[in-house]
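As annotated by Swiss-Prot, compositional bias 'Basic residues' applies to 7-19. What Swiss-Prot lists as ubiquitin cross-link is Lys120. Positions annotated as phosphoserine by Swiss-Prot: Ser2. The N6-lactoyllysine feature in Swiss-Prot is assigned to Lys10; the stated evidence is similarity to another entry. Annotation comment: Swiss-Prot describes Lys10, Lys37, Lys96, Lys119 (among others) as N6-(2-hydroxyisobutyryl)lysine. What Swiss-Prot records for Lys37, Lys120, Lys126 (among others) is N6-(beta-hydroxybutyryl)lysine, and it gives experimental evidence as the kind of evidence. Per Swiss-Prot, N5-methylglutamine is recorded for Gln105. Taken from Swiss-Prot, the feature N6-crotonyllysine applies to Lys120 (among others). Annotation source Swiss-Prot lists N6-glutaryllysine at Lys126 (among others), citing similarity to another entry. The feature region 'Disordered' is assigned by Swiss-Prot to 1-22.
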Amino acid sequence: MSGRGKQGGKARAKAKTRSSRAGLQFPVGRVHRLLRKGNYSERVGAGAPVYLAAVLEYLTAEILELAGNAARDNKKTRIIPRHLQLAIRNDEELNKLLGRVTIAQGGVLPNIQAVLLPKKTESHHKPKGK
């Protein structure tokens, strides 16, 4: 008898991803790998990829929330690049963060200079008296 049966030893615990431990949807392991392979520094701490994944997830959720609102305003159910553009450019902080970013097929914000608008005149047309 070699004693290699199933009766001895503990069962191995189910693997739990670092993303699920942190309560995130974004992949912490992939972010960690990219930080290591990107030559940003010689060593990468354990908390850095978790923090970066959380920040990326928050920014993505914020942009998608605003883009979804823009799509709904245009009576559409699918977000297109135009909705992303409208969402980012109408939000002051996101516009500052992504000011130099060009979104393909995004178009521009509708804007007419005040000088070009027709002048408002009072419409009190008095009938000519006799």
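Cβ atoms are placed via backbone N, Cα and C, with glycine included.
Known features from Swiss-Prot, placed on the structure.
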| residue | record | Cβ contacts under 8 Å, 6 or more apart |
| --- | --- | --- |
| Lys10 | N6-lactoyllysine | none |
| Lys37 | N6-(2-hydroxyisobutyryl)lysine | none |
| Lys96 | N6-(2-hydroxyisobutyryl)lysine | none |
| Gln105 | N5-methylglutamine | Ile80, Pro81, Arg82 |
| Lys119 | N6-(2-hydroxyisobutyryl)lysine | none |
| Lys120 | ubiquitin cross-link | none |
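Outside the compositional bias 'Basic residues' (7-19), and at least 6 residues removed from its termini, the chain residues within Cβ reach (under 8 Å) are 25-29, 32, 49-50, 53.
When secondary structure is read from DSSP and collapsed to three states, Lys10 (N6-lactoyllysine) falls in the coil class. Look at the residue listed as 'ubiquitin cross-link': DSSP puts it in coil.
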